[in-house]
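Straight from Swiss-Prot, the features:
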{"type": "REGION", "residues": "1-202", "note": "region 'DHBP synthase'"}
{"type": "BINDING", "residues": "ARG26, GLU27, ASP31, ARG141, ALA142, GLY143, HIS144, THR145, GLU165", "note": "D-ribulose 5-phosphate binding site"}
{"type": "BINDING", "residues": "GLU27", "note": "Mg(2+) 1 binding site"}
{"type": "BINDING", "residues": "GLU27, HIS144", "note": "Mg(2+) 2 binding site"}
{"type": "SITE", "residues": "HIS127", "note": "site 'Essential for DHBP synthase activity'"}
{"type": "SITE", "residues": "GLU165", "note": "site 'Essential for DHBP synthase activity'"}
{"type": "REGION", "residues": "203-402", "note": "region 'GTP cyclohydrolase II'"}
{"type": "BINDING", "residues": "ARG255, MET256, HIS257, SER258, GLU259, GLN276, GLU298, GLY299, ARG300, THR320, THR355, LYS360", "note": "GTP binding site"}
{"type": "BINDING", "residues": "CYS260, CYS271, CYS273", "note": "Zn(2+) binding site"}
{"type": "ACT_SITE", "residues": "ASP332", "note": "active site, proton acceptor"}
{"type": "ACT_SITE", "residues": "ARG334", "note": "active site, nucleophile"}
{"type": "REGION", "residues": "403-556", "note": "region 'Unknown'"}
Amino acid sequence: MFDAIDAALADIKAGKAVVVVDDENRENEGDLICAAQFATPALVNFMAVEARGLICLAMTGDRLDELDLPLMVSKNTDSNQTAFTVSIDAAPHLGVTTGISAEDRARTIQIAINPVTRPEDLSRPGHIFPLRAKTGGVLKRAGHTEAAVDLSRLAGLYPAGVICEIQNADGSMARLPELVEYARKYDLKLISIADLISYRLQHDRFVQRETICEFPSQFGEFKLYAYRNLLDQTEHIAIVKGDPSEFGQQPVMVRMHSECLTGDALGSLRCDCRMQLQAALKMLENHGLGVVVYLRQEGRGIGLVNKLKAYSLQDLGYDTVEANERLGFPADLRDYGMGAQMLNDLGVKQIRLITNNPRKIAGLKGYGLEIVERVPLLIEANDYNSHYLTTKAEKLGHWLVKNYLLAIAIKFTPNVASAQQRYEKLEKIRALLQGTPLMVHEDNRPVAIALFGKNSLIFHVGLDQNLPSGQPWQKHDHSPYPALVKDFLVQLKQWPDLQALAFLIAQGKDPMETLQVSLDRENVSFADLTADALNQWQPQTVYTYSKQGSGEMTNR
């Protein structure tokens, strides 16, 4: 479907435009891009008539500073952080009249990139919209702005590009099927930003490995790889389990973790960052191979002081997203270019990504890494972070259990006592549910242990989507969930070391928060754990199935 980057660079160098597509989970659009030095009146007119979007001039920050072109706004609230400067026309003494004609806009572009042009040679505002590209290009930000500058630079031309969003004739945004046809119709090369990132990853780097050291921890034996970002001199680390020489031969379990001083170091209960970090390290130790990439982007990218200001607003009743927006920031300012280069340095090709955040998947796909599996990371809520976790699920789209189906406790022979043993079992349980919408969430709360017993592996099965309305889910005729749960339980009871299995039906809400003072209990044998039994189960009853039939989950 997509053309090779080398072929696109040849066309850029020859003065032609190319169609550039970003990730479907980002802007999900295609832009027509050409090198700025080849922006003729005819090409500008083609963009205006056949692409129909806003015509912009992507330039380096250094050149925009020379021209004294500040950002259009001091606080950018655009979700993709597109960095518009004030708009411009070439000054009248340079031959521009209204500024809007194709000839005037082409002339303004040529004046802007001319090294002898001074700030007073440009009128403000105008009809060309300069965009400030991030230093580091698409390796720093996977946007069309950076792609335009990178393509021009890689083609050996002046590092500036003209871009225009491609719209359909009816004014709607052209998506990939329309963009494929558009490129075919006008004989244009079609490339993706993901491929451009991969191309640059093969040819240049902005990450430098500084040192490696042993890292014994309470979670296991690891190695720390320290890196420096050569663009901004920030320091980051990779916490590595196993031999990196083996990373290129198999999918590697990876966690991208952004620094959280209050959570990671100070144990804050307002977020789940520390619990996520610790859970990820335990998973790596159990798996024996993997990486936690620890990125220095505090407060989802807004910095420590601004994060604390957001906390102050949360104290007044705002949620985490509203607080960021109140301060003039998007909900999430993080980017994963540095982390992608660190993984590339370690030889990682395929990723089993530990995340609940769809933006991380979109961001890493944009950096040329193949994500073969998403491994959920579900964290226990507390009185302080429960609203925070709910907001992440509802407003940031995180994959967290929103609706609980049942709580399960399993007793094994011998007992599963250590953290490593629990994670081994949970990995096998997650594997049983792979390919289904069902999610697993371990529960270590005292109320769950009191209910099921301290030697039990306790977890919830639930969904990150809404339950069908009407009947209880286990009796719903047109819902897929009863059959999925039946199959899951039947597979569980076949494990040879499983002694007893107990569960409590839920109807969406966390069953540990809706327990009655007195619960019914039914103890039966594994032989009675059939597909038909599900229809008879009731809430507020603990059902225990065992090989012997006594079923009591003892050893409390």
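Count begins at 1; order follows the chain as displayed.
A Cβ is built for glycine as well, from the same backbone N, Cα and C atoms used for every other residue.
Since the structure is predicted, the reported quantities are computational estimates derived from the model, not experimental observations.
Mapped onto this structure are the features recorded in Swiss-Prot.
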residue	record	contacts (Cβ under 8 Å, 6+ apart)
ASP31	D-ribulose 5-phosphate binding site	VAL19, VAL20, ALA51, GLY53, HIS144, ALA147, ALA148, ILE163, CYS164, GLU165, ILE166
HIS127	site 'Essential for DHBP synthase activity'	SER87, ASP89, GLY99, ILE100, ASP104, ARG105, THR108
ARG255	GTP binding site	GLN276, LEU277, ALA280, MET283, LEU284, GLY290, VAL291, VAL292, VAL293, LEU353, ILE354, THR355, LEU377
HIS257	GTP binding site	CYS273, GLN276, LEU277, ALA280, VAL292, VAL293, TYR294, LEU295
CYS260	Zn(2+) binding site	SER268, CYS271, CYS273, ARG274, GLU298, GLY299
Checklist entry - Excluding CYS260, CYS271, CYS273, which residues of the same chain place their Cβ within 8 Å of the centroid of the Cβ atoms of the recorded Zn(2+) site? => result THR262, GLY263, ASP264, SER268, ARG270, ASP272, ARG274, GLN276
Next on the checklist: I want to verify one value. Collapsing DSSP to three states, which class is ARG255 (GTP binding site)?
Outcome noted: strand
Next on the checklist: For a quick check of packing: other C-beta atoms within 10 Å of the C-beta of GLU298 (GTP binding site), how many?
Outcome noted: 19
Checklist entry - Across all chains shown, how many C-beta atoms besides its own are within 10 angstroms of the C-beta of THR355 (GTP binding site)? => result 23
Item to check | Local Cβ density at CYS273 (Zn(2+) binding site) - other Cβ atoms counted within 10 Å | outcome: 20
Checklist outcome for this item: Most isolated by CB count within 10 A, of the binding-site residues ALA142, CYS271, is CYS271
Checklist entry - What mean pLDDT does the predicted model reach across the region 'GTP cyclohydrolase II' (203-402)? => result 81
Checklist entry - Which chain-mates of GLU259 (GTP binding site) that are at least 6 residues away have a CB under 8 A from its CB, listed by sequence? => result TYR294, LEU295, ARG296, GLN297, GLU298
Checklist entry - Which of these binding-site residues has the least crowded Cβ, counting other Cβ atoms within 10 Å: HIS144, GLU165? => result GLU165
Next on the checklist: Check the DSSP secondary structure of CYS271 (Zn(2+) binding site), expressed as helix, strand or coil.
Outcome noted: coil
